[in-house]
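Note sheet for the following structure.
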């Protein structure tokens, strides 16, 4: 049995924002400036947190992780888009597209997990202010960031996509995020 119109797709054509060649430099400079401002702002946040010892607290550690994640997220999208704005060949290979989409999804999921971890940090600071430093010790902070990374890398086995992390300290009731 012979079937028609079956072809292996090896590239995707990225159409872009406009086909007008006169607007391409304007769009390129606009997105390049937004990308550079994003990089500069996040790098300044990271450098400020690293350079000031008063900012070496769990909240700022999570903020530093969130800034680094934002750098990775924007760097997985914008450079290819800038190349495609200027290039005549505006295509991406199937593997390149899959690679880019997977990294975008990983970094977006990690951002959500880091925001949940920051909410847990605020919960502990408000509900347990006297035990905050004992609960949110540096090893737990690093563990929470690593758990966020591991959750974002592998989809949970739940069919609805819900992620439940159980955090338990001896003598405390279990906390669900």
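Glycine is treated like the rest: Cβ placed from N, Cα and C.
Per TrEMBL, these features apply:
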| type | residues | note |
| --- | --- | --- |
| TRANSMEM | 26-47 | transmembrane segment |
| DOMAIN | 41-152 | domain 'G-protein coupled receptors family 1 profile' |
| TRANSMEM | 59-78 | transmembrane segment |
| TRANSMEM | 98-120 | transmembrane segment |
| TRANSMEM | 132-151 | transmembrane segment |
Candidate ranges 26-47, 59-78, 132-151 - greatest C-beta contact count to the transmembrane segment (98-120) (under 8 angstroms): 59-78
Other parts of the chain folded back onto the transmembrane segment (59-78), taken as Cβ under 8 Å at six or more residues beyond its ends: 31, 34-35, 38-39, 42-43, 45-46, 49-50, 100, 103-104, 107-108, 110-111, 114-115, 117-118, 121-122, 125, 138, 141, 144-145, 148
Residues in the domain 'G-protein coupled receptors family 1 profile' (41-152) grouped by DSSP into helix, strand and remaining coil: 97 helix, 3 strand, 12 coil
